[in-house]
Amino acid sequence: MMRSSQPLTGTNGRRCKEDEKLINATLRPGKRGYIIDTRSLNIAQQARAKGGGFEQEAHYPQWRRIHKCIERFNILQESLIKLVEACNDQSHNMDRWLSKLEASNWLTHIKEILTAACLAAQCIDREGASVLVHGTEGTDSTLQVTSLAQIILDPRCRTIHGFESLVVREWLQAGHPFQQRCAQSAYSNSKQKWEAPVFLLFLDCVWQILRQFPCSFEFNEQFLIMLFEHAYASQFGTFLGNNENERSKLKLPQKTMSLWSWVNRSEELSKFQNPLFEANSLVIWPSVAPQSLQLWEGVFLRWNRPSKFLDEAHEEMINIIKYN
Amino acid sequence: VENVRLLDRLSSRKAALGTLYLTATHVIFVENVSETRKETWVLHSQISSIEKQATTATGCPLLIRCKNFQVIQLVIPQERDCHDVYISLIRLARPVKYEELYCFSFNPKLDKEEREQGWKLVDLSEEYNRMGIPNNYWQISDVNRDYGVCDSYPTEVYVPKSATAHIIVGSSKFRSRRRFPALSYYCKDNNASICRSSQPLSGFSARCLEDEQMLQAIRKANPGSDFIYVVDTRPKLNAMANRAAGKGYENEDNYSNIKFQFIGIENIHVMRNSLQKMLEVCELKSPSMSDFLWGLENSGWLKHIKAIMDAGIFIAKAVAEEGVSVLVHCSDGSDRTAQVCSVASLLLDPYYRTMKGFMVLIEKDWVSFGHKFNHRYGNLDGDPKEISPVIDQFIECVWQLMEQFPCAFEFNERFLIHIQHHIYSCQFGNFLCNSQKERRELKIQERTYSLWAHLWKNRCDYLNPLYRSDHSQTQGTLRPQMAPCNFLYKFWSGMYNRFEKGLHPRQSVTDYLMAVKEETQQLEEELEVLGERLANLQKSQLNGNKVKSEQQDQSKQFGLSTSNNSLANTPQEYSNDLKSFPSRSPSQGDEEDSALILTQDNLKSSDPDLSANSDQESGVEDLSCRSPSGGGCLPSEDSGKDSDEAVFLA
C-alpha cells in the first residue's frame, strides 16, 4: 500500500513517465492495482482547474481508480462543534437527541472513513492487489485510510508498540499538519481556516474497531483518549509542528520530551493495557452498518455522565483476569 | 420442497441452496452442502408475518418475519410450490386451539416428577414471605379463591390488614375488569409498598366508598407516611377521555390523602406502530447513518423506553427515598402497570437482579397478575389490534439498565434474549393464555414444561461474569441518572438484529470473561487436588509406602478467545459497486474452516499432551459454544443447528 498526494495532471492531462514507473514498480506480477482517491469524482475533476487532478486510465492502464469520498476541513470541524453541542444539551428531551446526533454527521464521517479503509484492506488481502491512496495533499484523509487499513490487516499494529509506530509513521512522519488541525478544538470562538479533527476521527475509528473486536488490541480506550488529548495540548513535543522539517528546525528533539518516553514507562503503560487482549494473527473486518457504529462516549460524553459504574466494571474485569 | 434458496439478508452473495420442510410445529431449511448440512429451524409460533413477493426469473420469493426479529428470505423455484407453502404457513402460524401449540408436543425427555419440580422452581408464596409478609400490615387474602372476585387475578392476593373482604369486593366492583388494588412489592425497610390496580370506574363524578377505603387501607399499612401516590401511567388526555366511557382516574378531592400523578406512557397501539417503524429501519438494505438515526428517532421507540424507565424511577424514588407507598394503574392494569411495577421492583430490590429473582419477578408481575399473553403475543390467532410488544419493552428496559450498571445483574444479555424468544415460541407453558384461571383450566402444568427449569438447567450460559453479590452496584437501590440522560438509551442490536451476527462485536467480552472464570475455577480445583496429592506423597514418604499414581483429567483445552473466527475473517459489505472481489482470501483458505484448538503458551496449565500447534491463520476455537438450549433439548433458541443435534419429536 502506498500513499501520495494528487498527481498534477492539470487541464492539459499532463503525464509523467517517472511517476508511472514508480507506482507500476509496486505491482505484483500479473496483478493489477487500485488507486483509492479520497475525493469524489467531481471534486477530483475540479482539481484539474487548479493544476491538480487524478490518474488517467490511459496512462495507468494496470490501475483501476476508485473514488471514496471522505470529507475534509471545515466540514469536519463543523461536525465536531455540532456534536459537542448536542452532547452538552442539558434537556431531558429524547425527541431531539437522535436528530441532533444525525445532524452533526459525525458518525457518517466515521462510516465513510472506515468503509474506505476496509476497501483498501480488501484490495490487498482479498485480491492481492497493490493499492495507492491519495486525496489532494495526502496529509489528511489519505492517512486515515492507510493507517486504518493497516490496523485491519496487520495484528502488529494492534499492539501498543505497533500502534505507536503506526502513529509515528503514518501521521507524524507522513506530515499530518497537527499544528494547523489541532489548534483549538470544539469550543473555539474564532474559526481557524485549517482546523479539522482528522486525527480524532482516526482515533474514533480505531475505537469503533476496538469495540467490535475487544480481544484483539493490546491497548485500551484510555490509550486512545490519551493520544487525543496530547494531540491538542501536551507538555510533550511529539505532536508539535506540522511535519518533520518543522520539528527539526524547531529543534524539538533537543528541547522537548517525547510523549512515548513517558507512555512507555511500565507504570504508565499498565494503565493503557487491555486486559482482554489475546494476540491473534487475524485480519479483522469491522462492520460499518449504522447499528455497529456508536458514539464514542468516552470522549464525547466524558464530562456528562457518571463513569463510576463503568469504571467499576472495568476494575472487575481486570480483577477476574489478574486472579486467573 | 427441494432446490429452495435461503438468502442472506446482508450479503447478496451468500445464498444457500437446500430443501425446505414443513412439520406440524416447525419450518426447517436444510442446506445441501454435504459436510455441514446446516439447519435453520423456525417455530410456527414465532412467525409474525409471511409475505409472498413478485416472482422473478430466479423463482418466487417468500419473506418470513418472526416475532423474535429473525427475517428469513426464501426463494422457491416453482410458483405452485411457493403458493402451497405460503398458504400452509399462514394456517400453521395462526393456530386456533391451544393444543396446536408446540408446548403440548414438546418432549424434553423428563419424567413426571422432573416436570413437576420444574414448575415448583418459582414459588410466589415463598417470594412474599421473603418480602416479609404476612406481617402487621399485610396479609394474604383468599377472597379470590375461586376467581369469584376477579377472574384475571391470581387466587392468592396480598392486601392491607385493614382491607376486609367487604372492602375488597366493593372496590373490585369499582375497578375496570374488577382488578382491585393489590400488593406488588413491599419494602420491609420502611413499610412503603407498591400496589397495582386498573382504572376506577369513576366517570365524571361516580364514587365508591369501599374503593376509597381500600386506598386508605394501603395508606394505613405504611405508618411512616401520611399520604400515598396514585400514579396513572397513561397520558392525561387518554385518561380524561376514558371518563366519557364511565371510567377515568382518582379525584384527589374524593380520596383523602392521595397525591395524584400522570406519567404519560403511550398505549398499546402506539407501541405496536413504534416497533413496526423501528423494524422497518432494521430491514433497510445498506442504510446510511442518517437513514438509520432518522428512522430510529422517527419510530419514537427509545422515547417510549425512556418513559417506562422514568415511571419506574419515580416509583422507586417514592418508595426508597420518600418512604411513600404508591398505587399504580393504567387502563386495564395489566400492561403499562406491569411494566412500571416490575421496573421499579428491579431498581429497588437486588434480589430481582439475580437470575432466580428475575424469574420470580416475571412470574409475579406478569404471569400471576394476568398479563394478557395470548392477546399481546398471539399464541392463538386473534385480533391483530391486541398485539403489542409490552413485555419486550420491559425486557429492553432491563437491558438498558444492564448497560448502565454492568456489575449489577447476575444474568447477561443472552438470558433476556432467550426469555423474549420463549415468550413467543410457546415451547413452554409459562406464557400461555391470559390469566392464571385459564392456565389452570387447561392444566398447563400437567401438560407442558416450565421455561424456568430449562433456563435454570443451563444457567452457566446466562451468567454475567462481572456480577459479584458483595459489589457496591449489587447492593440496594439502583439510581439511574435522570438528566441529562437521553444519550444513555441505545439501540439494542443484540435483540433487533439478533440474527445478523456480522453487525455485532465479533468477540464477546462476556464469553471471554466467563471462560476465564471457568478456567480459574478449574485451576483452583486442580490446585486443591494437587495439594492433596502433595500431602499424600509427603505422608507416604514418611511411611515408606509406595506412591500411588493418580490419573488426572488432562482433557481441558484452554483456548480462551471466544471469537467466532470465521465471522472475524469475513469482510462485511463495503461497496455495492465493486463486483470483482472474490469472497475468499488466497492466504486464508476456506472461510468455513472451523479453527483448530490452540493451546496458549502463556497459560499456566497448558495440557502437556497437546503441542503448541499454532495455525498461523486460524485463531482459537470458541470454547463456550454450547447450544443455549442445552444438550439433548430441542431446537435451540438460535434456530441454527447441527444435524447431529437434531432430536426428533416423540
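Note that Cβ sites are derived from N, Cα and C of the backbone, with glycine treated the same way.
TrEMBL does not curate its annotations; it predicts them automatically.
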Handout entry: Listed range which TrEMBL flags as coiled coil, given the options B:93-120, B:233-260, B:513-540
Key = B:513-540
Exercise for the section: Based on Cβ atoms within 10 Å, give me the single least packed residue among the binding-site residues B:ASN267, B:SER334. Expected result: B:ASN267
Practice task
Identify all same-chain residues not among B:ASN267, B:ILE268, B:CYS330, B:SER331, B:ASP332, B:GLY333, B:SER334, B:ASP335, B:ARG336 whose C-beta atom falls within 8 angstroms of the centroid of the substrate site's C-beta atoms; report them in sequence order.
Solution key: B:SER198, B:THR233, B:ARG234, B:THR337
Fill in the blank from the handout: Per the Cβ filter (under 8 Å) with a sequence gap of at least 6 from its ends, the domain 'Tyrosine specific protein phosphatases' (B:299-343) is approached by 152, 175-177, 179, 181, 184-185, 187, 190-199, 215, 218-219, 221-222, 224-225, 227-234, 238, 242, 247, 258, 261, 263-268, 270-271, 274-275, 277-278, 281, 352, 361-362, 365-366, 369-372, 376, 388, 390-391, 393-394, 396-398, 400-401, 477-480, 482, 485-486, 489-491
Fill in the blank from the handout: What DSSP reports for the domain 'Tyrosine specific protein phosphatases' (B:299-343) is 31 helix, 4 strand, 10 coil
Exercise for the section: Can you check which residues sit near B:ARG336 (substrate binding site), meaning Cβ under 8 Å from its Cβ, same chain, 6 or more apart in sequence, and list them in order? Expected result: B:THR233, B:ARG234, B:ILE265, B:ILE308, B:ALA311, B:CYS330, B:VAL390
Handout entry: Maximum Cα-Cα separation in Å among residues B:ASN267, B:ILE268, B:CYS330, B:SER331, B:ASP332, B:GLY333, B:SER334, B:ASP335, B:ARG336, which the record lists as binding substrate
Key = 13
Completion exercise
Taking all protein chains shown into account, the Cβ-based neighbour count within 10 Å for B:CYS330 (active site, phosphocysteine intermediate) is 27
Problem - Cβ neighbours within the same chain of B:ASP332 (substrate binding site) - under 8 Å, at least six residues apart - result: B:SER176, B:ARG177, B:ARG179, B:SER198, B:GLN199
